[in-house]
Every structure is written in C-alpha cells, then in structure tokens.
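Per TrEMBL, the feature active site maps to D167, D368. The domain 'Peptidase A1' annotation in TrEMBL covers 149-485.
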Amino acid sequence: MATPISSVSLTMKCFLYAYFLCLCLLFSLEKGYALEGRKIAESHHSHFIEVSSLLPPASCKPSTKVLSNNDNKASLKVVHKHGPCSKLSLNEASAAPTHTEILLQDQSRVKSIHSRLSNSKTSGGKDVKVTDSTTIPAKDGSTVGSGNYIVTVGLGTPKKDLSLIFDTGSDITWTQCQPCARSCYKQKEQIFDPSQSTSYTNISCSSSICNSLTSATGNTPGCASSTCVYGIQYGDSSFSVGFFGTEKLTLTSTDEFNNFYFGCGQNNQGLFGGSAGLLGLGRDKLSLVSQTAQKYNKIFSYCLPSSSSSTGFLTFGGSASKNAKFTPLSTISAGPSFYGLDFTGISVGGKKLAISASVFSTAGAIIDSGTVITRLPPPAYSALRASFRNLMSKYPMTKALSILDTCYDFSNYTTISVPKIGFSFSSGIEVDIDATGILYASSISQVCLAFAGNSDATDVFIFGNVQQKTLEVFYDGSAGKVGFAPGGCS
C-alpha cells in the first residue's frame, strides 16, 4: 500500500529538522573549540598577573631553592641591597633611594658604559690620577658602582664577612680598608683592617701585575711608598682609590683562595648602599672569574630574585640546568671585559617585530648584572613600545616615570593581561622574559614597561637585570657561551 504524501512530508520534515539541529550543534561546537583555542593562544602569548603582586612584600620571602656546595661548585645567596632580605637594609629604610633616584643612577651607569666604549673606540679616554681622587673626571671611568645585588664573602685571616655588590660589568674586586687614609663612606659591616689579617700582602709598584690594573680599571696605576695604588671611578661620581694587594678570599667553608688580588680602598665615596665594596665578575684577568679559573674553569651562574623581597644565588662552577638554552658569547672590541651577545630579534605577544637584524648588529649588545633597565637601539625600542601599547590599549595610561615612558594605572584592576616578550639570538634560540621582568612598578597607579631606548643607534644594547629576573643565567667563559633557563631561583 502506498504511503500517504502527508506522512512522507512529515517524515522528511522531522529528518530535515534533526539534520538542522545536528548542523547547529556541530557549528556551535566548532565555534566553541575555536574560541577555546583562541583563549589558549591568548594565554600562551600573555601573562595573567595579579595587580597586588606587582609590588614586593614588606617582609623577606626567601627562595625555597636549596643552595648546595661540593668539590665542583660554590653557591652564595643573592639579595637585593635595599630589600628586607638584606642585612644592609636593617634600620636604614630612610637610606633606600626612590624609584626616580634608582632610574637616574641607572641612566648614569648606562651613559658611563656608552662613554667608556666610545672613548675606547677613539682616544682611549683619560687616565685617572689615582694619588688625588678629587681630580677624577666623572665621565672617564668604569660603570656606576650602585648595582642592586649583593653577596657575602669572607676576606682575610681570620675571615671577616663582607657584603659586596657583584657586577659583571666590572673587573677589579675592592673593599674599604682601615685606616681610611682619606675617606670612607658608611657601611653596615666593620671596615676591613688589613693590619689585623695574617694573610694580607701589598703589591709593589715594580710588579708586572700592578701594570695589569690599566686594563682592569681603565686607569694607569700609581705608586705610594713602593706600593701599587689602584683607582677606579664610576659613572655616578662614586670612586675607590687605595692600595693593591693580595689576601685570602673565602667563598664557602670549602672554597678558599690564597693570594687573591684586590683593592684595599683608602679613599672611597659614592652610592654603594652600605655595602663594603664590589665583586668584579668581568672578563679581565684580574676579575674573580679569571682568578678562580683553575678551579671553576671560568664558569659561574646566577639567578636574580623575582622581587627585592626574595633571594637568588650566585654560583661558581657547576653545570647548567637541563633546560638551559645556549648562545655564543661575543666580544665588544671597545670593551673586551664585557660579556657580549648577538641579538637578532624581539617578539611581543608571540609575534616577531619587524626590526632589521642590522639594527642589532650596528649597536652590538652586552648582558650586564648592574644595569637595571634594558636599553634597546632606538628603532627596536620604538617597535617594541608601539606593539606593547597596542596590545595594552584597554588599560588607562598615566604619566612617565623618569626614563620609562609607557606607564599604566592599574588601580581599578585586580588582574591584568600583559603580552609576553622574548629575545632572539644568533644561535636560533628565543628566551622569554619572565612576567616579573616586563613591568616596573613605583605604585599600582604607575606601572611601566621596563625598557628604554638608547639615544643613538650606535650605542650598545644592554640586557639589564630587571629582564634577567628569575632566569638562571649560566656563563661558560671557557667554552665562550651563555645559557638561559626559566625558573632558576626556585
């Protein structure tokens, strides 16, 4: 019997309706997956940050990483000199500089590095008259001495513990010494007294090692009572002048070095934040790295803490983390003691910026533990700033903070989304900057992009310490390479 037409129509309508529902469901699922994929992609290329975490806690929150020492390595705790984890900051809250002062000091350091490199390219700069520090010209010296991070080492016999700023941009290690013949600034610990140490020895003016001071300090050494005199001037008019000697250096209970060359400062002035002096980690033969090369093979690494309220480490010797990515070290001809790097690009929010490789090669680049804010070649900074501002356009901007010109007011937000930033190197690796290394906050209502541009295209690109936060930075001087691994402090 034939099926009535009305029944066929009804069956077909039901089928078509069901098919339509299936298509709608499929479409909505596909749309959902696409949206979810986009959310994942967005989170993959962005950092989601709690606004309250942008400012450091008032109390010390030390890293959970256990520092181990063995026959092959020695590890020291790193603290920010003005943070609550530093003994230098105790009872000295009033001495901590403002953010504007920190950035101005940083600009002085950067100008000093640029001046030092340009002077080396041309005339080689002037010599410092080490016998009379008042004549030292502010522009003709090494980098500024007001670095952020300190470690504690032992000096002398018996050992005296001293808190020293560590600096990859400096070579000579020095500390203030009694009797402070001319001047000593205020430091937290007792000033080192070489007359109370059985292992201290002066270096004579006729010694060949005395002449090595020229490359380590940029200044010709002096002579006083047949004793070699060093002098080093920093970009903020800080300086140290004194006797050049040898002493026993103690890094850990098992790692001690006799006859370590260092400066015993008799005339010292400047912004050293209560520290006892400076630990030079540059590439010159008088640096700590070179003087301990027989044991550590010019290998050292550090992790700078996520905030001034946490701790990191400085390790000599050892091996890199398994997930470290390496790129070759290069040499800046005008400043061979700096650690040079070959940058090739920058990415923002997962997209590589359209910057010619010649922009980076023209300037050259160094990595520096003492410079706070990364300084980019002008075209690179312009491209970074434009991309960052575009991706951050939903947030209200506010006034600039010193050298930082891209600042936001997050006072009406509890969480924010910040585009990831990555650096590309000649070896083909890309290193992502940690979330704590992208922004610099003076307050919740003034949080700035933590990068700045150089004034000239030929000024060296400086990879600063804010952008190095929480990365394990592994220097292998003997192999001529440097590695980066995320999450280094934990």
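Every residue number used here counts from 1 along the chain in the order it is shown.
Yeah, the Cβs are placed from backbone N, Cα and C, and that goes for glycine too.
Annotated pair D368 (active site) and D167 (active site), C-alpha to C-alpha distance, rounded: 7 Å.
Summarising model confidence by region, the domain 'Peptidase A1' (149-485) averages a pLDDT of 95. Take the CB of D368 (active site) and look out to 10 A: across all protein chains shown you find 27 other CB atoms.
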